[in-house]
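Structure in structure tokens, see below.
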Amino acid sequence: MTTPFAPRVFSGMQPTGNLHLGNYLGAMVNWIAMQSTHQCIYCVVDLHAITVAQDPVALRRAIIEVTAAYLACGLDPKQSIIFNQSQVAEHAELAWIFNCVARLGWLNRMTQFKEKAGKDRENVAVGLYAYPVLMAADILVYKATHVPVGDDQKQHLELSRDIAQKFNMDFAGSIASHGFGEVFFPLPEPMITGPATRVMSLRDGTKKMSKSDVSDYSRINLTDSPEAIAQKIRKAKTDPEPLPSEEKGLAGRAEAENLVGIYAALTGADVSSVLGEFGGGQFSRFKTALADAAVARLSPISADMRRWLDDEGAVEAVLAEGSARARAIAAPVMREVRDIVGLLRSR
Ligand code: TRP
């Protein structure tokens with residue numbers, strides 16, 4: 001099927017906790033690069049955050065902080081649309097329509113829901129269950145075609161495609177009779193970020209670096225001081241062997257592989273040249289170089305983030321303007337959806 005859809009990128013992060021090196025190297029670096037090749041819409045998904053209980057004061061602060069991190073990392077509100085989800089009501093509105101398109105059986109297969117709900121399934125919010133439907137609405141209300149996500153979101157993206165396809169099929173007659181062409185929604189493509197930038201916990205090389213890890217030593221936050229960064233890297237788990245000189249020597253050594261991968265990503269070198277330089281040596285020398293590279297890359301970002309956080313009003317202004325631009329795309333799509341479904345337009 002040739003698609004009549006102009007390429008458009010959409011992605012989002014939840015405003016919960018601080019962004020860390022894993023978010024930066026795994027996601028932001030790609031998001032930033034795509035700004036010069038695509039029209040990009042980057043969202044702070046606050047409606048997703050409230051699928052689990054949030055303290056209102058902390059949530060408000062987190063929305064500002066994640067936005068400040070977006071800006072400090074290099075997302076450019078002149079090039080891209082940067083906004084928070086809840087200011088564009090069309091997300092929630094399309095999500096309701098999609099709740100009536102998606103099937104219970106599809107949602108029952110979502111592994112992230114099973115993990116997040118755990119044993120307490122009867123007692124989690126309905127919103128946590130419907131979360132991937134809202135995610136489909138986020139993407140499709142802009143008819144976005146490309147969605148950079150981590151591999152943990154792949155299943156949700158497949159669900160978005162299923163919803164788009166079912167909507168297109170269920171309403172094919174109405175879509176055609178309104179003159180909206182053959183397919184109304186594109187089937188959004190995941191852009192899965194490469195394995196080279198999968199950043200793991202500093203305490204356990206088999207677990208992803210995560211904002212929800214109880215140990216702050218497991219991650220490097222974008223706001224950490226140079227001293228904190230150096231200390232966390234010094235304490236990072238390793239094994240007693242020296243670093244290998246070749247890539248295959250990293251097999252089965254998750255912590256060593258992670259640290260070398262981080263160094264490579266930070267400096268733009270490839271893993272084999274990093275090992276060429278540090279292989280055979282002790283971890284301590286490598287860790288000093290790693291800490292220097294992390295500080296060099298992150299300190300301008302954290303300084304810029306502090307500047308934004310000193311002026312919350314400026315951050316809010318970016319979100320207000322981005323929301324207006326987002327709404328200008330979403331509102332006409334939503335009006336057409338109402339026509340297609342058979343709902344009356346407001347006058
Ligand atoms: N579910 C995503 C995550 O937890 C965040 C998200 C919400 C998202 N809506 C989206 C990502 C739409 C991409 C597109 O990481």
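The backbone N, Cα and C atoms fix where each Cβ goes, glycine too.
Remember, TrEMBL labels are computer predictions, not curated facts.
Relevant sequence annotations retrieved from TrEMBL are reproduced here:
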- Q14, P15, T16, G22, N23, G150, D151, D152, V199, K208, M209, S210, K211, S212: ATP binding site (BINDING)
- 15-23: motif ''HIGH' region' (MOTIF)
- D138: L-tryptophan binding site (BINDING)
- 208-212: motif ''KMSKS' region' (MOTIF)
Please report the distance from the Cα of M209 (ATP binding site) to the Cα of the residue listed as 'L-tryptophan binding site', rounded to the nearest angstrom.
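Spelling it out, the Cα of M209 (ATP binding site) and the Cα of the residue listed as 'L-tryptophan binding site' are 25 Å apart.
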With every protein chain in view, what's the tally of Cβ atoms within 10 Å of the Cβ of M209 (ATP binding site), excluding that atom itself?
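A 10 Å sphere around the Cβ of M209 (ATP binding site) contains 23 other Cβ atoms.
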In sequence order, which residues at least six apart in the same chain have a CB under 8 Å from the CB of the residue listed as 'L-tryptophan binding site'?
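Looking at Cβ-Cβ distances below 8 Å from the residue listed as 'L-tryptophan binding site', excluding near sequence neighbours, one finds F10, G12, C43, V45, Q85, H91.
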Could you check the binding-site residues Q14, T16, N23 and say which one's CB has the most other CB atoms within 10 Å?
N23
Using a 10 Å cut-off, grab the number of neighbouring Cβ atoms around the Cβ of V199 (ATP binding site), all chains included.
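There are 22 of them.
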Anything from the binding-site residues T16, D151, V199, K211 with its Cβ under 6 A from ligand 1? List those in sequence order.
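Cβ under 6 Å from ligand 1: none.
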Per DSSP, D151 (ATP binding site) is which: helix, strand or coil?
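In three-state terms, D151 (ATP binding site) counts as helix.
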